[in-house]
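What Swiss-Prot records for this protein:
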| type | residues | note |
| --- | --- | --- |
| ACT_SITE | Lys156 | active site, proton acceptor |
| ACT_SITE | His275 | active site, proton acceptor |
| BINDING | Asn104, Thr154, Lys158, Arg276, His308, Ser360 | substrate binding site |
| BINDING | Lys182, Asp184, Glu185 | Mg(2+) binding site |
| MOD_RES | Lys182 | N6-carboxylysine |
| SITE | Lys315 | site 'Transition state stabilizer' |
Amino acid sequence: YRLTYYTPDYQVAETDILAAFRMTPQPGVPAEECGAAVAAESSTGTWTTVWTDGLTQLDKYKGRCYDLEPVPGENNQYIAYVAYPIDLFEEGSVTNLLTSIVGNVFGFKALRALRLEDLRIPPAYVKTFWGPPHGIQVERDKLNKYGRPLLGCTIKPKLGLSAKNYGRAVYECLRGGLDFTKDDENVNSQSFMRWRDRFLFCAEAIYKAQSETGEIKGHYLNATAGTCEEMYKRANYAAQIGVPIVMHDYLTGGFTANTSLAMFCRDNGLLLHIHRAMHAVIDRQRNHGIHFRVLAKTLRMSGGDHLHSGTVVGKLEGEREVTLGFVDLMRDPYVEKDRSRGIYFTQDWVGLGGTIPVASGGIHVWHMPALTEIFGDDACLQFGGGTLGHPWGNAPGAAANRVASEACVQARNEGRDLSREGGDVIREACKWSPEL
C-alpha cells in the first residue's frame, strides 16, 4: 500500500474531501503503511493487485495519505490525513460519503484502533446538499422569537403515559412559558400510546397554550418509524393538523431516511428536530469510532433544524472547547481551523443553512447563566426533570425556567459577567418570581 497510497508530496486540491483519522497501528506495523492502508481501503484499494486496475485511472480516483503527525502524549498514535477525489462520491448522499470513508476500513487487521476525527467538505460538494429544511433565521421568523435562547422540555416519564395525560403535561409546560415540548427518542407508537392519539392530544395542547399565551408553541412529534413509508405517513399527518415541528432519531433511523424526511419537511413547512440516540456507541471511545463533530457535520448536510449537542454542564459528557467547536460547525457559515477546539480543517458552508444546537440532559435553572454564556442566543435549552421536577408542578417549573432565562439574557445585555454573577442574577429574579 505504501508505494501507491502514501504520497507526502501531494498538493491538496480545492475539491478534495479531506479526512483526519486518529490511528493506532498494531505493534511492528509502520505508521506510513497504516496510513496508506486507510487511504486504500476507503477508496480504490483491495488486498492484492487486480488486473482490472489497468482499465482505470487509479491516480485520478485513489485516496491519498498525504500527511502523518504523532499525537502528543500518546504512544504509537498518529493523525493520518487522507485526501479523497470528489468524483468518488455521489452528489447529495451522506449515506454514500460515510459508506466510502468509514464503511470498511475500521476492521482492518493492521490497525489496533481507528477514529475519524474530522472531515473537510469542499464547497463544490456542500453545494450538492439541501441541508436543514429551514435553518436558524427562518425558524425564528416562523416562531416570531428573537434575542434569546429557545426553551424546551422532554415529557417524562418518557414511556407509560396515556395520550391524554401526555397531552396534559405538554399543555402545562407550554402554558407555563416554554417554547417547545418534546417526545423522548424512544416514544414512537407503542401499545400504551399510539402515534395518532399522541399527535392529536399534543396538537390540542399546543393550540390551547397558544390561545392563552399569545405565543407560537410547538411539540416535537417523533415521526421515527420502522419503515420510511410509515415515517412519511406520520409526518404528513403532523402537517395536516397544523403543528410546526416533527422529530427524527437520525442515527437509528439512518441518513437516507433522514435526508428524505428533511426534504418532506422543507416542502411542507415543518421544522425538523433531530435526536442523536445511539451517538455514544459511535463517538464515546477516545481512540476508535467517529467523533461527534463529524456526525454533526453530516447531519447539517443531510438536514435538520435542531440537533442535540451536549450541555458542557449537565449529566451527559462533553468538554467545553470541543463542544463549542462543533456547535460552531452546526451554526456558522464559515469556521476556521482551530486544533485547540478539535477543528482540523477550515470549513466553508457556502450558504448552507444552520442547525440550532440543543442542550439537553440533567440541566436546571442554576445552570441557566452558564448555558446562556456558553451557547448564546441561537440554541435550544431543554429542561426535562428541570421543569417536571418542580415541587409545584409542570407549569410553575416552566415559568421558573422562562424567568431564569430572561433574567440571564437581560443581565448579559446589560454587560454583567454571567460566569461570575450568574448566581446573583438568579437570586435577584427569585424575588419577583415565586415559581423560581
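Just so you know, glycine gets a Cβ as well, placed from its N, Cα and C.
Each of Thr154, Ile155, Lys158, Asp183, Asn186, Val187, Tyr220, Asn222, Met247, His275 belongs to the same chain as Lys182, Asp184, Glu185, is absent from that list, and has a C-beta within 8 angstroms of the C-beta centroid marking the Mg(2+) site. Ranking the recorded positions His275, His308 by how many Cβ atoms sit within 10 Å of each one's Cβ puts His275 at the top.
Largest Cα-Cα distance over the residues recorded as binding substrate, namely Asn104, Thr154, Lys158, Arg276, His308, Ser360, equals 37 Å. Shown are the recorded positions Lys156, Lys182; of these, the residue with the fewest other Cβ atoms within 10 Å is Lys156. Secondary structure at His275 (active site, proton acceptor), taken from DSSP and collapsed to helix, strand or coil, is strand. Cβ environment of Arg276 (substrate binding site): Asp249, Tyr250, Leu251, Phe292, Leu295, Leu307, His308 lie under 8 Å away, each six or more residues apart in the same chain.
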